[in-house]
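Colleague: The following feature annotations were taken from TrEMBL:
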ACT_SITE  His136  active site, proton donor/acceptor
ACT_SITE  Lys140  active site, proton donor
BINDING   His137, Gly146, Thr147  (S)-2,3,4,5-tetrahydrodipicolinate binding site
DOMAIN    5-109  domain 'Dihydrodipicolinate reductase N-terminal'
DOMAIN    112-248  domain 'Dihydrodipicolinate reductase C-terminal'
Amino acid sequence: MTEVMRVGVLGARGRVGSEVCRGVSAEGDLDLVAQVDAGDPLDLLLEGDAQAVVDFTHPDVVMDNLEFCISHGIHAVVGTTGFDDARLATLRGWLADSPGTGVLVAPNFSIGALLMMRFAAAAAPWFESVEVVELHHPDKADAPSGTARRTAQLIAAARDEAGLGPVPDATSTGLEGARGAVVDGIHVHGLRVRGLVAHQEVLLGGPGETLTIRHDSLDRASFVPGVLAGLRAVGDRPGLTVGLEQVLDLG
Ligand SMILES: NC(=O)C1=CN([C@@H]2O[C@H](COP(=O)(O)OP(=O)(O)OC[C@H]3O[C@@H](n4cnc5c(N)ncnc54)[C@H](OP(=O)(O)O)[C@@H]3O)[C@@H](O)[C@H]2O)C=CC1
Ligand SMILES: O=C(O)C1=N[C@H](C(=O)O)C[C@H](O)C1
């Protein structure tokens, strides 16, 4: 008989969290034992005897949530953004004191977005120019998106490895912000437009040609299969795992 995993969702009434609650409830091997949102005590996780949580909350609160979970030996699958190297180091420190506990942090749980990032990194060594444009709903708290930051880092690493120099840009005057933010030398532009969900384009260019790689999350259901895969894997991966691609076999 398949063992059932008891799951708590943090940010359960949010845009993604509510979708995750539906997804978890529909699976026979997962039992939704706690739905926690702003103002609810984290002790609900202990009352439900949660073995793992999913966190889609806010960059300002996610570290407190994870400190609680790790200290109680509860595995975590984390979609919330805002993870820089310092935060990841803090998580590693907490996890060192809680052997056997696993945390998976992923900037994007949709399969298409993972492939988009992989394709962008594969294309990067072949083009002189590259910029990232992320497009989201206007209620998003952070900019640029975690996905855009990660994409820029992957592109920069691929360019470095190929021995490419800086991306050419003759801009010497203009309005502040007109060229976007710069992540590891790659320009990243954020658009916030009502009606959008989560979208990204990577534009690459060389002499006489451009290549555009685009991904669209049209519905937040796009994140759920990746979250479920993360839940099923996280208990077997003690310590910190960054990126859903570490869990999925994308070939
Ligand atoms: N990795 C991925 O694939 C994806 C990541 N994200 C990221 O996930 C995060 C959430 O996104 P989204 O669902 O759109 O945001 P929402 O604002 O819709 O949802 C967040 C929910 O968390 C609640 N919340 C706030 N503080 C706490 C707390 N301390 N404990 C529990 N719940 C809390 C909020 O309540 P209240 O509104 O009352 O504050 C809200 O209901 C963002 O960082 C976003 O970038 C989003 C999509 C995909
Ligand atoms: O806030 C969102 O909506 C999303 N956040 C994540 C990010 O910042 O990359 C993932 C996806 O883009 C949706």
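Any Cβ shown, glycine's included, is placed from N, Cα and C.
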Colleague: Enter the number of other CB atoms within 10 angstroms of the CB of Lys140 (active site, proton donor).
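Modeller: Its Cβ has 15 other Cβ atoms within 10 Å.
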Colleague: List the Cα distance (Å, whole number) between Lys140 (active site, proton donor) and Gly146 ((S)-2,3,4,5-tetrahydrodipicolinate binding site).
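Modeller: Cα of Lys140 (active site, proton donor) to Cα of Gly146 ((S)-2,3,4,5-tetrahydrodipicolinate binding site) measures 11 Å after rounding.
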Colleague: Taking the Cβ of each of the recorded positions and counting other Cβ atoms inside 10 Å, which one has the highest number: His136, His137?
Modeller: His136
Colleague: Return the single residue from the binding-site residues list (Gly146, Thr147) that has the minimum number of other CB atoms within 10 Å.
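Modeller: Gly146, out of the binding-site residues Gly146, Thr147, has the fewest neighbouring Cβ atoms within 10 Å.
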Colleague: Which residue counts does DSSP give the domain 'Dihydrodipicolinate reductase C-terminal' (112-248) for helix, strand and coil?
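Modeller: Computed counts for the domain 'Dihydrodipicolinate reductase C-terminal' (112-248) are 49 helix, 40 strand, 48 coil.
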Colleague: Give the sequence-ordered set of same-chain residues, not counting His137, Gly146, Thr147, with Cβ within 8 Å of the centre of the Cβ atoms defining the (S)-2,3,4,5-tetrahydrodipicolinate site.
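Modeller: Other same-chain residues near the (S)-2,3,4,5-tetrahydrodipicolinate site: Thr81, Pro107, Asn108, Glu134, His136, Lys140, Asp142, Ser145, Ala148, Ala198, Gln200.
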